[in-house]
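Heads up: the structure comes next, in structure tokens.
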Amino acid sequence: MTTRKRPLALLILDGWGYRENTHMNAVYHANTPVLDRLNKEYPNSLISGSGLDVGLPDGQMGNSEVGHINIGSGRVVYQELTRIGKSIEDGEFDSNPAFVDAVDKAIAADGAVHIMGLLSPGGVHSHESHIQAMCKMAVARGAKQVYLHAFLDGRDTPPRSAKGSLQAFNELFAELGTGRIASLIGRYYAMDRDNRWDRVSQAYELITQGKALHLYQDAVEALDAAYGRDENDEFVASSAITDADGQVATLNDNDALIFMNFRADRARQITRSFVDPGFDGFERAVTPKINFVMLTEYAADIKAPVAYPSVDLVNTLGEVLQNNGKTQLRISETEKYAHVTFFFNGGKEEPFEGEDRILIQSPKVATYDLQPEMSSTELTDKLVEAIESTQYDVIICNYPNGDMVGHTGNFDAAVKACEAVDACIGRVVEALAKVDGECLITADHGNAEQMTDEQTGQAHTAHTSELVPLIYVGRKGEIAPNGRLSDLAPTMLTLMGQTVPSEMTGHSIITLSE
């Protein structure tokens, strides 16, 4: 016979933010009697789900992946862009063992330090501030030859916007007294991810041999010439930049080659061409024995030092519940199933012991504004059934409607989506009351509360940086101000009378008064 549980549920209303401005605010205009009542009768607050509070750059809107990682891990998990930027600020970057080892070996062998990456402020695959820090660090350690191989963007930045970056690096090298931009090529070639090896080979030959379609004495001159050929940044053909004596830079034995992209998908192919012993993507004229460094791990089977290995998240909420012999359920529709499982568990695919999962198929419609309620009724049927079974200590549920319908930009549909979720919450709260359970109602980030762009008047389909709600439907108590998503797991453990592990840097923000 199974022991009867008093479940604690976490209901995540995806894309449901709070916004003072009520214009085209679907959350405000929706008829939500259940949430209105709960807000009057139970402790509630607003918490942060964006920017630095979830490990993103300041002001950056939150997203579902980041939100669920922060909620499930009970700590602020710094995303790569922020994590590396923070290490530069803290001074840790300059003593990073992978960088130090490669640079020092090159210097000792009288070799060169080559730095390659997407020279862009885009922040999607790389950030030029990281590349700048790497150039400074190499020179500070005594490198006499520093060569920058610049991949140009034009996708995550305007199509012709590289000139400012190139000018800034020309100035940087002048200040440092050594180093130069050695080559330019569009990301179309260097960062292919579809096994179009003919493209990658052009970048490889450019970096290793200085072999290029075009030869120039200055990077800005090279860019201007590319624009003259009607090549936008992304498509700039291979261009080698010579030194004052007309010599091109080449990659030789004992040189260091440091790849400054942090996003893996478009970094893998060119990396394999430099480090895989059995590489067969294209015929390589030269294969210098170099000290290669990946900024982050691009793939588990690429054998090269990694400057910033992925952080293994231990003692996430799911793991703590497992270790304490508790049972848990994860439930959502297809659209957010990975979020309440894989992302909530800190990037681990396998369920924990005692963790059950229920997947409800999202409706097969072209866009969700055609069915704004999505599969919320069926999801709630299964959720209520699970609550009534009293077999779970903790239930994690995500309602995707606010986000998925918010992305369509259809205001009327977003209002209907919010109303559908409100009705479902009424059923869930009622079921919990019958078994003496309680719940936290929150969101991972905003979306549906802003359905129009105030500047352009066009539909606003993106996430927002607004605060998100938190309601505690349970015992008497109060919620501390200034909470964030990483506080939810410690709060849940505290409500259950469980010890919060030291790895969780969030805090319990609910104080019970009974």
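Even glycines carry a Cβ here, placed using N, Cα and C.
Record note: Swiss-Prot gives Asp14, Asp444, His445 as Mn(2+) 2-binding, and the candidate from Ser64, Ser389, Ser502 in that site is Ser64.
Among His463, His507, only His463 appears in Swiss-Prot as part of the Mn(2+) 1 site alongside Asp403, His407. Counting in whole angstrom, Asp156 (substrate binding site) lies 26 from Asp14 (Mn(2+) 2 binding site) by their C-alpha atoms. Comparing CA positions across the binding-site residues Asp14, Arg193, Arg266, Asp444, the one lying closest to His407 (Mn(2+) 1 binding site) turns out to be Asp14. The least crowded of the binding-site residues Arg193, Arg266, His407, His445, His463, judged by other CB atoms within 10 A of its own CB, is Arg193. Set side by side, the binding-site residues Asp14, Asp444 differ in how many other CB atoms lie within 10 angstroms of their CB, and the most is found at Asp444. Taking His445 (Mn(2+) 2 binding site) as the reference point, the binding-site residues whose C-alpha atoms are within 10 Å of its C-alpha, out of Arg193, Ala264, Arg266, Asp403, are Asp403. Taking the Cα of Ala264 (substrate binding site) as the reference point, the closest of the recorded positions Asp14, Ser64, Asp444 is Ser64.
Of all the binding-site residues listed (Asp156, Asp403), Asp403 sits in the most crowded Cβ setting, with the most other Cβ atoms within 10 Å.
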